[in-house]
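For reference, the structure discussed in these notes is given below.
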Amino acid sequence: MIVLRNEICDKLENIAKILKFVRHCIGCEGINLEIENPQHHPSIELTQKCNLNCIYCYSRLKTVKRGIYGNLEEAETVTISQYGEPLLDLEGVKKAIEFCKDLGLRVDLQTNGTLLNEEIIKELKDLGLDLIMISLSSFSREKYKLLTGKDYFNRVLNNIKIASKYLHTIVRSIYIPGFNDNELLNLAKELNNYADEIMVHQLISYKENENLLKNAGIDLNNLGRIRDLLLIVDEMQKNAPKINVTIKGCLLVQLKEMDGFILNNITYDVFSEVPDIKREHRPLPW
């Protein structure tokens, strides 16, 4: 008899089974396998400008118009935003929150966290913001500067701690195997008493930023293994037992259906074309 399973297969299968969906993904069609062509939450795009220069970012590689993408009338949640740093247009963020709350929607804000302060966080909460996602993929000033081009690590970490006092706070981290493994483990340990959740994403490489990644010392041959992603998330969860450490829901729902042997051998396609928003566009109503 040929045995294709081993101890690591059982471990991976168990990790996928016990991982919980991040709150941002609740209500998204992407976690419903019965929907043939699922759509993610609609988004409101305010600007493509950003005060960081992240080496893995796709935002500067594609032109996206300001406006609403997707059907708000059929949605439960809207995301502000998926391109650029929305807090560069703080007044636009405030108007977007008010507009969406009038429609009875949950509002999730995605930001790099550099422009936050306690006053802004409290004001956004008072306007009805439900959830904030702050990007942080390192646990040192040096690695942060290498990834983003700026020296804002301490500011962002402090703003995460402030935000968690007022809002459901999710830290979004990019996992780069062989590059920031220990950084993420230490970050999880630090956030155990602050953030509510950490959502770990695999690094996606685009042709346009491939050289930037290589110049930073990232080995592109290490990217994409589901095995590595599940194992790092499991170790991060051990370091942060008080909070939920997980992966994006539309991937997790698929992995939960897979055998451990498949999980141990499957590779995610991390070499991609720059994403484009192929959804209905409407201008902002304000």
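Using N, Cα and C of the backbone, Cβ positions are placed for all residues, glycine too.
According to Swiss-Prot, the domain 'Radical SAM core' annotation covers 36-256, on the basis of sequence analysis. Annotation source Swiss-Prot lists [4Fe-4S] cluster binding site at Cys50, Cys54, Cys57.
All protein chains considered, the CB of Cys57 ([4Fe-4S] cluster binding site) has 20 other CB atoms within 10 Å.
One way to see the shell of the [4Fe-4S] cluster site is to take the Cβ centroid of Cys50, Cys54, Cys57; the remaining same-chain residues with a Cβ within 8 Å of it are Leu52, Asn53, Tyr56, Ser59, Arg60, Glu85, Asn112, Thr148. Summarising model confidence by region, the domain 'Radical SAM core' (36-256) averages a pLDDT of 97. Listed in sequence order, Cys57, Ser59, Arg60, Gly84, Glu85, Leu88, Asn112 are the same-chain residues at least 6 apart in sequence whose CB falls under 8 Å from the CB of Cys50 ([4Fe-4S] cluster binding site). Residue density at Cys54 ([4Fe-4S] cluster binding site): 19 other Cβ atoms are found within 10 A of its Cβ, drawing on all protein chains shown.
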